[in-house]
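S.K.: Checked TrEMBL, it gives:
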- Gly7, Pro8, Ala9, Ala10, Ser11, Gly12, Lys13, Gly14, Thr15: ATP binding site (BINDING)
- 3-201: domain 'Cytidylate kinase' (DOMAIN)
Amino acid sequence: MIIAIDGPAASGKGTLGKRLAKHYGYRHLDTGVLYRAVGFALIERGIDLNNEIEAVHAAESLDPEHFGNPALKTQQAGDAASIVSAFPRVREALLNFQRHFAEEPPGAVLDGRDIGTVICPDADVKIYVVADPVVRARRRTLEAKGRGEAADEALVLADILKRDERDQNRPVAPLKPAEDAYLLDNSNLDIEGGVRAAIDIVEAVRAGRQRV
Ligand SMILES: Nc1ncnc2c1ncn2[C@@H]1O[C@H](COP(=O)(O)OP(=O)(O)O)[C@@H](O)[C@H]1O
Ligand SMILES: Nc1ccn([C@@H]2O[C@H](COP(=O)(O)OP(=O)(O)O)[C@@H](O)[C@H]2O)c(=O)n1
């Protein structure tokens, strides 16, 4: 089974993806890390983020060993990701890695922006996670402070809105729910509540299948 999770910045995709994967014994891929790693590779080498050729080159030479680098979690890496991810050839270079990951047994949960629409259009279950932007900014600020970083909630909110706007309006693989995605608004749910709601969706889809 493939579970696709998409949604805007800091909506809780990764948290949910990890928990669903654990619940079902599947593997989990946070696809945002791929784009963050591309953006970060350019920052590290002092290359302009609008340099498409270098961004494609970085995407083609990513090393999954580096996906755990804590520097990828920063706002700077997120912003860089949002710029380089708009290049169609960067997306193309990362496509096979994601599809292979999705297809390996015993099953996979992938989270990102275009999993249900482009990477895994035939995913068994698609969930589009949303939350009020102010709630998302508060959670992300708490997260950054928890890592010991200085974070201002108003600036985090502005960053989230700017990134969502860019991701929604790019011509290739824009952020949007797949037509057959289930909407999950976790603005008023804690993490456990969000996980339960997601499991309910997966189980409802499975039960529906068994009846056919
Ligand atoms: N339902 C929730 N209630 C409270 N905090 C949440 C909830 N879902 C996620 N979070 C927190 O919000 C922050 C962003 O979640 P994350 O899973 O990283 O989002 P995304 O992968 O969409 O960027 C994290 O600090 C996470 O612990
Ligand atoms: N499948 C994906 C995942 C991320 N991205 C891009 O990468 C950026 C960072 O993604 P992320 O999922 O790590 O961001 P957060 O929601 O964790 O803040 C996004 O703003 C998108 O521009 C994408 O284009 N497609």
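Using N, Cα and C of the backbone, Cβ positions are placed for all residues, glycine too.
The structure displayed is predicted, hence computed values, not measured ones.
Describe the structural context of these features.
M.R.: Counting only same-chain residues six or more apart in sequence, the Cβ atoms lying under 8 angstroms from the Cβ of Ala9 (ATP binding site) belong to Gly78, Arg136, Arg140, Asp159, Ile160, Arg163, Asp164, Asp167. According to DSSP, Ala9 (ATP binding site) is assigned to coil rather than to any helix or strand.
Here the domain 'Cytidylate kinase' (3-201) returns a mean pLDDT of 97 for the predicted model.
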S.K.: A 10 Å Cβ contact count, applied to the binding-site residues Ser11, Thr15: which residue has the minimum?
M.R.: Thr15
S.K.: Give me the sequence-ordered set of same-chain residues, not including Gly7, Pro8, Ala9, Ala10, Ser11, Gly12, Lys13, Gly14, Thr15, with a C-beta within 8 angstroms of the centroid of the ATP site's C-beta atoms.
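M.R.: For the ATP site the neighbour list reads Leu16, Asp111, Val129, Ala131, Arg136.
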S.K.: So how many other Cβ atoms are close to Lys13 (ATP binding site), meaning within 10 Å of its Cβ?
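M.R.: Step by step: centre on the Cβ of Lys13 (ATP binding site), count other Cβ atoms within 10 Å, giving 26.
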S.K.: So if I take the binding-site residues (Gly7, Ala9, Thr15) and measure from each Cβ to the nearest atom of ligand 2, which come out below 6 Å?
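M.R.: The qualifying binding-site residues are Ala9.
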S.K.: Enter the number of other CB atoms within 10 angstroms of the CB of Gly7 (ATP binding site).
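M.R.: I count 27 other Cβ atoms within 10 Å of it.
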